[in-house]
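Lifted from Swiss-Prot, the feature list:
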BINDING   GLY7, PRO8, PRO9, GLY10, SER11, GLY12, THR13, THR14, SER15  ATP binding site
Amino acid sequence: MRITISGPPGSGTTSLARYLAGKHGLDLISAGEVFRQLAKEHGMDLADFGKFAENDPSVDRMIDARQKEIGEAAENIIIEGRLSGRMVGNADLRIWLSASLSCRARRIAGRDGMDEEGARAYTENRQRSEATRYRNYYGIEIDDLSPYDIVLSSETFGVDALGTIVDAAIACLARQQAADL
C-alpha cells in the first residue's frame with residue numbers, strides 16, 4: 001500500500017507518518033526531512049533555504065522527483081511531504097492534515113525552540129515561499145485539496161486519534177483491494 005501524507009508546516013504530517021509506518025511496518029520517506037538536511041548542508045536555516053529554493057528550482061525538483069520515484073516504485077511505503085499527494089501518481093491513499101496557523105506556530109515554536117510570535121512569522125513566510133514555488137514550478141495551488149482522499153484536522157484530533165481514523169481507511173482499502181483480486 002502507498003500512502004501519502006501532506007499538510008502545511010506544523011500540521012503533524014511527520015508525527016502521523018511515523019505513527020503509521022511503525023504500526024503497519026511501512027517504509028517512510030519524508031520530503032521535509034530531506035529539505036531540512038539540505039538546508040543544514042548549505043549552512044542555512046529553513047527560511048533562507050526556502051528563499052534560495054525560490055531562485056533555484058533544482059532544489060524542489062530534486063526532492064519531488066526523488067519522492068515520486070521512490071513512492072511509485074515501492075509497494076509498502078508512506079511518503080510524507082507537502083506535494084507527495086500530487087507527486088505519487090499511484091498512491092492508494094492521499095491524506096491532508098490541517099490546523100490553524102496559531103496551533104501550527106505553537107507546535108513549531110516548541111519543536112524548534114522559538115518564541116511563538118517568531119514561529120508564526122517564520123511559518124507565514126515559509127508558506128508564502130512554498131506557495132510561490134509550487135505555483136511557479138508546477139502550476140499547483142497548494143490550497144486546492146481536491147487530490148486528497150481524506151482531509152483531517154490535527155488541531156481537533158491528536159496523533160493517536162488521527163491514526164485510528166487512518167487505520168480504518170487502510171482496513172477499508174485493504175478489503176477493497178482484496179475483493180478486486
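One-based numbering along the chain as shown.
Glycine is treated like the rest: Cβ placed from N, Cα and C.
Ranking the binding-site residues GLY7, PRO9 by how many other Cβ atoms lie within 10 angstroms of each Cβ puts PRO9 at the bottom. Highest local Cβ density among the binding-site residues THR13, SER15 belongs to THR13, counted as other Cβ atoms within 10 Å over all protein chains shown. For SER11 (ATP binding site), the same-chain residues 6+ apart in sequence whose C-beta sits under 8 angstroms from its C-beta are LEU97, SER98, ALA99, ARG104, SER154. The residues near the ATP site, meaning same-chain residues not in GLY7, PRO8, PRO9, GLY10, SER11, GLY12, THR13, THR14, SER15 whose C-beta sits within 8 angstroms of the mean position of the site's C-beta atoms, are LEU97, ALA99, ARG104, ARG107, SER154, in sequence order. DSSP assigns SER15 (ATP binding site) to a helix.
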